[in-house]
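Visitor: As annotated by TrEMBL, domain 'ABC transmembrane type-2' applies to B:34-268. According to TrEMBL, the feature transmembrane segment maps to B:32-54, B:74-97, B:118-142, B:154-176, B:188-206, B:243-261.
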Amino acid sequence: MSAAIDVIGLRKSYGEKLVLDGIDLNVAEGTIFSLLGPNGAGKTTVVQILSTLITADAGEIRVAGHDLHKNPEAVRAAIGVTGQFSAVDGLMTGRENLILMADLYHLGKTEARRRADELLEQFDLVEAGKKLAMTYSGGMKRRLDLAMTLVGSPRIIFLDEPTTGLDPRSRHSMWTMIRDLVAGGVTVLLTTQYLDEADELADRIAVLDHGRLVAQGTPEELKRLAPGGHIRLRFTSPDAFSLAAQVLPTAAPNHESLVLQVPNDGSVHSLRDLLARIDDASLEVDELTVHTPDLDDVFFAVTGQPTQSTESTQPVEHEKVTTK
Amino acid sequence: MSTTMNPAGATIRPLADIGTMLRRNLRHAQRYPGLSLGALGMPVIMILLFGLIFGDTFSAGLGGGGGRGDYINFLTPGILLMSIASGTMSPAVAVCMDMTEGIVARFRTMAIFRPAVLTGHVLGNVILTIVSLGLVVGFAVLIGFRPNASFGEWLLAAALLIAVTVALTWFAIALGLTSKTPESASNIVLPISLLLPFLSNTFIPLDAMPSGIRWFAEYQPFTPIIDTLRHLLLGTPMDSGDGWLALAWCLAIAVVGYFWAQKSYNKGTVA
């Protein structure tokens, strides 16, 4: 599998403020890659650089096989971007917005109209398509925004916090759309501050904090990074409990509730190992629960801080889309 | 339709993209007509106000005792320039609004002809200004404007007016791009849209001005342009170099405005 996005040593600072401090990324074609991090971590800056909107201070960047610095136009021809703030033309109708995009992709008059109507249908905007985009609700604007990104059938799509500010239903329909895109062979790089979103969608996740990648891997790999992954074994008889404590010396025993916590990463392999040892010793286990840490645990483990409280302690200026 | 290939084989089509952006701007003018109607109406009000109400009094200052008709002949070329100047406010505000909204960020991540977004604004404004100039000439003729220009002189005058429009619009767009809000964009073009027309020989001849203002009026770009227009439309005498000076001003303003605007537009991005 070849790389849709390949980044080595990406750095960017605004004046004194270092925003990205040497980022390496590799996104395989046809996958969803999620940049996860709190506000101010530098996620939007990464998207702005990879989509040719702003320049990097240093770093080798290849997008769709093209050197971003030497050949930005070829990169632009291969990508689609849906930013954090809606990039629709409020004084035009939804349909006109889509036709505007189609004209800029030089689809030709008939094909432009066909494509616009097809996307209006696909994004449930047929009725709204006749109204000015400035009258749309947040969710509708976001759908139109994504539809506009898709007009040119880009191979790589950047989605900067695609569900921030959406209600739960719009959020789920956005997730479905993103999954459908990837099913069609598109590569998606999405940023999010929601752990469940990254977990739900991404093939690989990179955790960004203060301009550095603090962890990277599949959702499962990341979960295993967090301490506290364990199997909880509950016993009814004190005899079985003490026997088990001998058989499993690494376990943390709780004598009062007859519970053993066996450190375990939750993988099938290690679980099978554990079950084999329980079987060998003919232990009578009353209840077995697997506790896998969720991404909140991971975030805490790799950044040393919980996800929520970071918002107030970090500046957010450079998260805004700067167009000047 | 012209087509160029960049090294990667991505097709850039300047004319098609400029056409698309022009259509977008004309649609905006149609959807949000306040800005363009203001730009169209103001010069008509000026020609009626100064021509009909002040005309009799002001004509005394021209000498020659020709009355109101003479003053309207004197006034109209200046008002034509004033229409162009006051018309620059709407593209300045429009580009500023564009930049503060996400849509331009989207355009900049697309493989479209880079100068197309701004060029679309310029062409849109040129079209609106031509309409505005037509209205002013129409009303001026109604109240007594009597040019004696030949067809060739009309063509030259029209070409000069369009050249001035293109130049001032690029400059106004550069100013609009440096503004952070649409309000400040509308203020920052005021020196062009108000000061230059008023502190020129639009309303009164240079001889009638106090010396300081007269010095400014003599050397600012509008005066030689107005003199050239008067010469073309009415056959009035002018200094031999005024025509070239007028063209040189247009060229200089256009070049500075164009490159300044493109530089602001591309600032910080991968060009």
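Each Cβ is built from the backbone N, Cα and C atoms, and glycine gets one as well.
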Visitor: Can we call the transmembrane segment (B:32-54) and the transmembrane segment (B:154-176) in contact, meaning three or more C-beta pairs below 8 angstroms at a sequence separation of 6+?
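Guide: When sequence-distant Cβ pairs are counted, the transmembrane segment (B:154-176) does not touch the transmembrane segment (B:32-54), since fewer than 3 lie under 8 Å.
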Visitor: Counting only residues 6+ away from its ends, which parts of the chain sit with a Cβ under 8 Å from the transmembrane segment (B:154-176)?
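Guide: Distal contacts: 80-81, 84-85, 87-89, 91-96, 118, 121-122, 125-126, 129-130, 133, 147, 185, 188-189, 192, 225, 228-229, 232-233, 246-247, 249-251, 253-254, 256-258, 260-261, 264.
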Visitor: Residue list, the transmembrane segment (B:118-142) vs rest of chain: Cβ under 8 Å, 6 or more residues beyond ends.
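Guide: Cβ under 8 Å, 6 or more out: 18, 20-22, 24-26, 28-29, 36, 39-40, 43-44, 47-48, 51, 72, 75-76, 79-80, 83-84, 87-88, 90-91, 94-95, 98, 161-162, 165-166, 169-170, 173, 261-262, 265.
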Visitor: Which sequence positions outside the transmembrane segment (B:188-206), separated from its termini by at least 6 residues, show Cβ-Cβ distances below 8 Å to it?
Guide: 50, 58, 61-62, 74-75, 78-79, 81-82, 85-89, 92, 168, 171-172, 175-176, 178-179, 213-214, 216-218, 220-223, 226-227
